[in-house]
Every structure is written in structure tokens, then in C-alpha cells.
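Feature annotations, reproduced from TrEMBL:
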SIGNAL    1-24  signal peptide
TRANSMEM  215-237  transmembrane segment
TRANSMEM  281-311  transmembrane segment
TRANSMEM  317-337  transmembrane segment
TRANSMEM  344-361  transmembrane segment
TRANSMEM  367-393  transmembrane segment
TRANSMEM  405-425  transmembrane segment
TRANSMEM  451-476  transmembrane segment
TRANSMEM  488-516  transmembrane segment
TRANSMEM  528-548  transmembrane segment
TRANSMEM  560-581  transmembrane segment
Amino acid sequence: MPLTVRRSLCLLAAVILFLSPALASESDHKYQPDEPVTLWVNKVGPYHNPQETYNYYSLPFCHPSGNAAHKWGGLGEVLGGNELIDSLLDIKFKKPVEKTTICELELDEDKARQFKDAIENNYWFEFFMGFVGELHSERNGDNKHVLYTHKIINVLYNKDQIIQVNLTQQNPKPLEVGSTLDMTYAVKWNPTDITFARRFDVYLDYPFFEHQIHWFSIFNSFMMVMFLTGLVSMILMRTLRNDYAKYAREDDDLETLERDVNEESGWKLVHGDVFRTARSLVLLSALVGTGAQLALLVLLVILCAIVGMLYVGRGAIVTTFIICYAFTSFISGYVSGGMYSRHGYWYVLHIVLMLLIHNAGKNWIKSMIVTASLFPFLCFGIGFILNTIAIFYGSLAAIPFGTTVVVLVIWAFISFPLALLGTVIGRNWSGAPNNPCRVKTIPRPIPNKKWYLTSSVVSMMGGLLPFGSIFIEMYFVFTSFWNYKVYYVYGFMLLVFLILIIVTVCVTIVSIYFLLNAENYHWQWTSFFSAASTAVYVYFYSIYYYYVKTKMSGLFQTSFYFGYTLMFCLGLGILCGFTKISSVTRFCPEEKYGSSISVLLIVQRKLVVTLSGSHSVLSYSQMMRNSDHGEAKISSPFPGLYNRI
């Protein structure tokens with residue numbers, strides 16, 4: 001094996017080991033009697049502001065004597081704003097601890113003020129023992145500021161494994177400047193029949209996530225899919241079948257057929273322009289390629305969550321997302337490079353024929369760079385602003401510099417090279433376009449349209465039904481992320497994701513059909529934005545959710561709420577846009593414009609040619625004798641008049 005290959009494999013293995021959390025002790029760690037058990041303290045923060053978290057010892061609790069160990073739990077845990085610190089409390093497996101003093105806490109004015117501020121803002125804190133977490137609030141509901149000074153840690157165990165930890169606080173003391181508080185703790189051990197595999201069930205809200213309204217929403221979305229599928233089938237079967245039948249009649253007289261030809265309108269008239277290259281092809285190709293990557297990424301993460309129960313591990317979803325994103329970058333490059341190569345072919349041909357420029361369509365390198373960096377750097381820009389705010393507040397949500405470097409290394413040495421490889425392969429394997437007709441040299445004028453057929457209206461209306469199919473699921477997802485609930489029903493999410501794809505495809509076909517019937521052949525960006533507008537409605541819903549369903553407040557939490565939601569909506573919009581573009585490019589050539597060409601071929605067989613109000617009907621052999629280089633020149637009884645089919 002070459003030395004460079006071995007070095008690359010070693011580097012890849014090191015990166016994967018660095019990213020992966022230490023699962024050996026978290027998965028099935030077993031303790032011996034009297035073996036030390038570590039109580040990890042994590043973070044504190046206002047209960048109504050989930051992302052506004054701080055180091056546990058940012059409040060003047062009893063600090064551990066000596067150098068307390070910090071635990072690295074993986075890339076996802078750090079990005080989730082976790083910082084586990086050893087409390088150095090003397091806890092041993094199955095060994096009860098009676099009331100023991102942690103420290104004597106002397107309250108000065110500054111410490112009392114910090115505790116009062118925490119109580120007024122309903123601060124909560126988080127502990128981990130045996131990697132089973134416990135959330136608890138500092139507030140007791142009284143108007144008088146008091147601080148609980150005694151913590152009882154009740155540990156449930158099954159044989160040699162810790163199953164559950166409950167924390168109870170007692171002995172409230174008033175916060176008075178100059179007083180001394182005796183901070184104590186006790187540990188109780190109780191056996192349980194709950195197995196280690198079911199230890200996480202206590203944190204799952206089954207009545208909430210498996211409520212009948214959740215099932216009903218899935219049923220409603222499924223019925224929407226059935227309706228839209230029927231509607232699309234009706235359009236394809238009735239409308240296009242009638243067009244075929246009209247031109248396939250063998251016994252029509254000449255006047256009837258000529259009248260039918262002269263009355264042609266709608267999408268058949270734009271067959272020579274519909275394959276015209278989209279504006280800003282580099283950007284469109286990058287968005288479509290990124291959307292393909294995100295679609296595969298979401299599917300992989302959902303399947304991993306279903307199979308591997310990723311919701312159990314802290315930051316496991318985030319870590320899986322980052323790793324899968326890096327390794328699926330090949331797909332974005334492949335789709336983007338292939339799309340740019342196919343559509344750029346006609347662009348080059350058209351420009352060369354017009355003698356305007358030369359070497360056009362050679363910007364595939366620009367397309368590759370935009371594809372590999374567009375979505376990551378959009379998220380990086382938003383994240384940079386949020387990170388600056390977090391640093392200003394001194395929050396754990398601030399991403400450490402080392403973690404930022406790790407993410408950039410993953411992008412530079414895994415994601416970017418794979419996107420480059422995908423672009424090269426997609427560019428060379430895509431082949432020449434197989435469009436059924438030639439693009440006209442002179443663009444056809446687009447007639448004035450009614451207001452509801454304009455691109456902006458079609459774009460906004462196209463996202464309504466896809467949003468309706470995911471509306472209820474968005475409530476459960478938002479509630480999980482912003483209200484301390486663990487989302488575990490990834491089977492529901494998979495169904496909703498598939499329904500979203502199907503609904504988007506069906507709405508695409510219907511909306512673009514009406515757009516082309518209005519003789520508007522600028523369908524590429526319209527189709528993309530008509531699906532991406534789903535994300536606009538999700539963002540509008542997030543604004544409603546913020547003001548109605550949450551009690552968030554302050555610049556910090558508001559910025560993180562709308563910043564995270566914006567990143568989510570950007571990804572959702574790009575994903576839906578890819579779905580729409582890919583469905584249209586398959587629908588148009590085979591169904592719509594294939595029909596247009598078939599119609600023209602039928603007219604050729606009928607040999608009906610209109611010449612300035614006169615008719616020249618020739619036999620097929622006579623037309624072929626007059627052909628020149630594949631173009632049939634039709635002779636006319638009137639000198640100087642001819643038509644080409």
C-alpha cells in the first residue's frame with residue numbers, strides 16, 4: 001500500500017475517533033460494589049431560554065477542591081453547549097451516604113445578587129451520573145428568595161448498572177447577605193427491575209408524541225397525497241390523451257385538421273424554448289446539488305436514528321449529521337456537475353452560434369466551488385453572528401475555537417474533496433442532453449399573464465400544500481427542540497418526510513403545467529422557488545410559535561431561536577427546491593415536451609402545410625425528394641412561397 005494512502009487512512013481513522021463520543025462506558029458500563037461513581041455537573045440557565053446556558057460554577061456554588069476533570073463527549077456534545085465537570089463528591093456504587101457537608105457558603109452581596117437573579121429567572125441545572133441526566137429548577141414558587149441547601153441523590157440500580165437518578169432538594173434557607181449556608185448532600189441507593197436497555201424511557205413523553213392528533217395528522221397528509229396523485233394522473237391521462245387523440249385521427253378532413261393546428265395554444269407553443277438554459281446556471285446547479293445532498297442526508301440521519309436510537313446519546317444526532325454531511329458531499333458535486341454539464345451544453349451551442357463569446361460553459365470549477373461551500377458558509381455566517389453573541393454573554397453555547405477548527409478540517413479534507421470528485425464524475429458521466437427538440441435561436445416573446453399565473457404568485461402558492469403536509473410535525477419538532485422534550489418518533493418523521501417529497505412532486509407537476517400553459521417557459525427558477533417557499537411558511541410558523549407557544553425573552557435567546565430556525569429553513573428550502581427541479585426535469589421531457597414533438601410528427605404525417613392562406617398538400621415521397629440536409633422543403637403552387645417542417 002502506498003505511503004500516501006496509508007497516511008490518508010490513518011488521518012481518516014483519527015478524525016473518526018476524535019469525533020466519536022466515548023461510548024464504551026456510556027453504553028453498558030458496569031460497576032463493582034464500592035467502585036467510585038462520578039457525578040458530573042453540566043450547566044445552568046434560565047428555564048424558558050433553552051440555549052442560554054452557562055457553566056454550572058458560573059453561579060457561586062461550592063467549587064470542588066483541586067483540579068476537577070473535564071469530560072470530552074464528542075463533537076456533537078460540544079456543539080450542543082455541554083461542559084461536564086467532575087463535582088469530586090465522594091460517591092461509591094451501592095454505598096449510601098448520610099448527610100455530608102460539601103462546603104460552608106458565605107454569602108456576600110455579590111453572591112446573594114447572583115442567586116437572586118437566578119431564582120427570578122427560574123434557573124435550572126443539569127447533573128449526570130452514570131450518564132443518566134437529571135434536570136432540576138432552583139425556584140420554589142415563593143416570593144421570598146431562598147436557596148435549597150441540601151440535595152438528596154436517589155440512585156436506582158439494576159444489578160451492577162445505574163438505571164435512573166432522581167434529585168430532591170430540601171432545607172431552604174433565605175438569601176441574606178452575611179449569612180453562612182451549610183451546603184450538604186446525601187446519596188441513597190435503591191434496586192429496580194427496569195432493565196438497562198429501558199433506562200431512557202423515563203425521559204420520553206409517550207402521551208405527548210403518540211397522541212391521537214399525531215396519528216390523525218399523518219392520516220390527513222396521506223389523504224392529501226392520494227388527492228394530489230389523482231389530480232396529477234387526471235391531468236396527464238385526460239389532457240394529454242386528448243391531445244394525442246386529436247392528432248391521431250385518420251379520417252379527419254383537411255379543414256378540420258387545419259383548424260385544430262391553427263388553434264394550438266399553451267404549452268405546445270413553447271417546445272422550442274422550454275429547454276433554454278436557466279439564468280444563473282452556476283447558482284441553480286449548486287442549489288440543486290446541495291438539495292440532493294441534504295435529501296440523502298436527512299434520510300440517512302432518520303434511518304440511523306431509527307436503527308441506532310441516537311436520541312439516547314448526548315449530541316449523537318449532531319455528530320451523525322456532521323459526519324453524514326461530509327461523506328454525502330460527493331452527491332452534491334455529482335448532481336451539480338451533471339446538471340451544469342447537460343444544461344451548459346445548450347448554452348455553449350447557443351452562444352457560439354450567436355458569435356457573442358467563446359469558451360462559454362467552462363465555469364464548472366466555479367460551479368463546483370459554489371456547490372461545496374454555499375450551504376456550509378451560509379450556516380457559518382449565521383453561526384458566526386450567534387457565536388459572537390454567545391461569547392459576549394459568556395455562554396456555553398459559544399463554540400470553542402478548537403471545535404471550529406475541527407469542523408473546518410472536516411469540510412476542507414473530507415467534504416470539499418468529495419464534492420470535487422463528484423463534480424468531475426458527474427460532469428463526465430452526464431453525457432449530452434437528450435432533449436426531444438432543438439432550442440430556438442430567438443427566444444419566443446412571453447405574453448402578458450393574469451396575476452395568478454405570474455412567477456411570484458406561483459412560487460408562493462406552490463409551498464402551501466407541502467407546508468400543510470408537515471405542519472403538525474413541525475409543532476412536535478419545535479416543541480422537542482425548544483421545550484426540553486426528547487424527540488424519539490423518527491418513524492413518524494420518516495413518513496412525513498416521504499409525504500413531503502411526494503406532495504412537492506405532485507404540486508410541481510400541476511403548477512408547472514399551468515405555468516407552461518400560460519406560455520411562460522422560464523420554469524427553472526419558478527419551480528425551485530415554488531417548492532422552496534415551503535420554508536418561508538415554516539419560518540412564518542416559527543414566528544407564531546415564538547410568541548404564542550414559548551416564554552422566551554432577551555436578545556440572546558431570540559437571536560438563537562431565529563438564527564437556528566433560519567438555518568433549518570434554508571436547508572429545508574434547498575431540499576424542497578431540489579425535489580421540484582428533479583421532478584420537473586423528468587416530467588417535462590417525457591410527458592409534456594415529448595407530447596409536443598409527437599404532435600408535430602403527427603402533423604408531418606398528415607402533410608398539412610399552411611402557406612399564406614393557401615394549402616399545399618404533397619405526398620410523403622414528394623416531400624422527401626425535396627428534402628435538403630434533413631429539412632423538408634415543401635413546394636408551393638405560388639412561386640417564392642415555401643415552408644419547412
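Note: Cβ is positioned from N, Cα and C throughout, glycine not excepted.
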May I ask which of the stretches 281-311, 317-337, 405-425, 560-581 has the most CB pairs under 8 A with the transmembrane segment (488-516)?
281-311
Any chance the transmembrane segment (451-476) and the transmembrane segment (317-337) have 3 or more Cβ pairs under 8 A, given the pairs are 6 or more apart in sequence?
no
Pairs of Cβ atoms less than 8 Å apart decide it: which stretch in 215-237, 317-337, 405-425, 528-548, 560-581 has the most with the transmembrane segment (367-393)?
560-581
Residues of the parent chain within Cβ reach of the transmembrane segment (528-548), under 8 Å, 6 or more residues beyond its termini:
284, 287-288, 455, 458-464, 466-467, 470-471, 474-475, 478, 482, 500, 504, 507-508, 511, 558, 561-562, 565-566, 568-570, 572-574, 576-577, 579-581
